[in-house]
Each structure stands twice: as structure tokens, then as C-alpha cells.
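Take a look at the structure set out below.
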Amino acid sequence: MATVSLIGAPTDVGASVRGAGMGPDALRVAGLAAALQAQGFDVIDRGNLAGPPNPWQQPAQGVRHLPEVVAWNRAVFEAVSTALAMNHVPLLMGGDHCLAIGSISAVARQCRQERKNLRVIWLDAHTDVNTETISPSGNIHGMPVACLLGHGPADLVGWSGERAAIDAGSLDFIGIRSVDADERQAIKQMGLQVFDMRHIDEHGMRNTMTEVLQDVDEDTHIHVSFDLDCLDPMEAPGVGTGVRGGPTYREMQLCMEMIADTGRLGSLDVVEINPALDVRNRTAELAVEFIQSLFGASTLVR
Ligand SMILES: NC(=[NH2+])NCCC[C@H](N)C(=O)O
Ligand SMILES: [Mn+2]
Ligand SMILES: [Mn+2]
């Protein structure tokens, strides 16, 4: 059985609402390590990374807290690289979604070294493909995908060793229902594969995931970037930028189970849990259940 490395990144510097910095402890309190251990995994909790405080400033040149976002992502990049080098499965506990820049850049670099095909599955209400020139908010948690594709503030691009850590063809979005006006253009221009909520309504989660996973083979490394606001806020109220109309509990769980069936999950981000907005830690507990499914828990097979 694999070893899972839990990496806490307690920050909300990329977000519009404060509180996601408490996410790692909410996941610990919800029993994440014990849940994975019960499934037979070795779990190492690396504790929380260190980084600058949130200065809570207005955007400058289209971005908010750029130096702080760079510093946190540098720590994440190092920690994820270290875990991968030891052949562990890194599980990044955010923190807000800006942290995917460091996490996925590290994964992309490792995959290139090992000649693996990286597939990124982005579970989110949002596409997070804004840049400093088009973002309506300046919040960097709305920009990680753009940065990973090679667009965005220079300080946040090129971390994997190539300008673009990933290409459009290796990225699938699931659960999308909130896209800003200029983001829509970007999606078109870059040719991104977006399975929005309408697609899931019309085709169902099963067909959607069959399509997403069709070309996964033994050389594929799947990275899941799980923003808890992907879920309907009725299920997951503890998020800063919730949007109604998301997948149900069962739809989300089927998505996780189908990814697990490939046996190719190699790394994971769990981000945007905001305990300050949650109800009795429900969102973190929900996250733990989905993580268990993603790591292979199922009703009838042990
Ligand atoms: N990771 C997230 N929750 N992102 C929300 C982004 C919201 C909005 N599109 C923005 O760029 O400001
Ligand atoms: Mn989101
Ligand atoms: Mn997101």
C-alpha cells in the first residue's frame, strides 16, 4: 500500500473571503489521517508549512498579495516535490486554491522526469483561469489554471521548468457553473475541456467521467485538484465562494469512485474549506468521505 503525505498549507492569501487558512486543521479534526489508515494506507502528517501572514490588502496591478502567494507556493512546491521523490502520494491540505500552482508545478516536473502522462482533473464550481489582466477580483485563487497553462503574473509562471506546466489537452474541469465574462474567452482560446453542470445534468456523472477517463493508461499520473465549492452549498456550506446548482453527494462520490477505479491517482489538492463559514465542520467531514472514495473505499469491496 502507498504512503500518503499530508501537507498543510494554512493560508487564505489568494481568496476573497478570509478563513480558508483553517482548512488543514478542519481536515485533521475530521479525522483524515485515521480514515486513510483504516483503508490500509501509511499516513504521514507533515504538519503545516510556514508562510507569510495575510496582509489583507487591495489588488495591485491586477493581483492581490502576489509576494505572499509566491512565498506560500514556493513552500508547497518544495514539500510536494519532496513527497513525490519519496514515492509518496502528496495530499495538499489547503488553504485556498492559489496553492495548486505550486502543487501541480511540482507534479508536472516529476511526471516529466519519470515520463508519465499527467492528467489533471479540476473539480470546481469555477474554472480559475483568470489572469491579472482579466480578473474581476484580483484574487489569485481565481488564476491557478491560467498560471499552470503559462499565462498570468510572471512570478507565478514556469515553475515546472517549462513555461506551461500542463497543456489544455491534459486538463478536465468538472462541476463548473461560474465563469467570468473574459474567462469565457480564455476557455475558448485555449481550447479547454469544460464539463459544466449542464453537461452533467444532460449526460450524467457516469458518462461524463467515462469520457474524462477514457485514455487513462498505466503510464498516467492523475492529479485531482478538489475545490470543495464544486459541491452544492447545501452539502458543503463551508466555502468562501459557494455557487448553487452543484453536484449532489452521490454524483460527487461516483466521480471519486470512478477515478479510484483507474488505480492511477498520484496526487491530490483539497482546497477552499473555510471553517469560519462551516456548520459543525460538516464540509471537512464531507471532504474526508470523498477522499476515502477517491482512495478506493467502496460499499461492497474492501
Ligand atoms: N478557487 C476559487 N474558489 N475561485 C473563485 C474564483 C471566483 C472568481 N472567478 C474570481 O476570479 O475572483
Ligand atoms: Mn471554486
Ligand atoms: Mn477553485
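Quick reminder: no glycine exception, Cβ is built from N, Cα and C everywhere.
Copied over from TrEMBL:
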- H97, D128, D227, D229: Mn(2+) 1 binding site (BINDING)
- D124, H126: Mn(2+) 2 binding site (BINDING)
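Overlay of TrEMBL annotations on the structure.
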| residue | record | Cβ neighbours (10 Å) |
| --- | --- | --- |
| H97 | Mn(2+) 1 binding site | 30 |
| D124 | Mn(2+) 2 binding site | 26 |
| H126 | Mn(2+) 2 binding site | 25 |
| D128 | Mn(2+) 1 binding site | 27 |
| D227 | Mn(2+) 1 binding site | 27 |
| D229 | Mn(2+) 1 binding site | 27 |
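The DSSP secondary structure for D124 (Mn(2+) 2 binding site) is coil. For the pair formed by D124 (Mn(2+) 2 binding site) and D227 (Mn(2+) 1 binding site), distance between Cα atoms is given as 5 Å, rounded to the nearest Å. A Cα-Cα distance of 11 Å separates H97 (Mn(2+) 1 binding site) from H126 (Mn(2+) 2 binding site). For the recorded Mn(2+) 1 site, residues H97, D128, D227, D229 set the reference point as the centre of their Cβ atoms, and the other residues of that chain within 8 Å of it by Cβ are D96, D124, A125, H126, H141, G142, S225, C230, T241, V271, E272.
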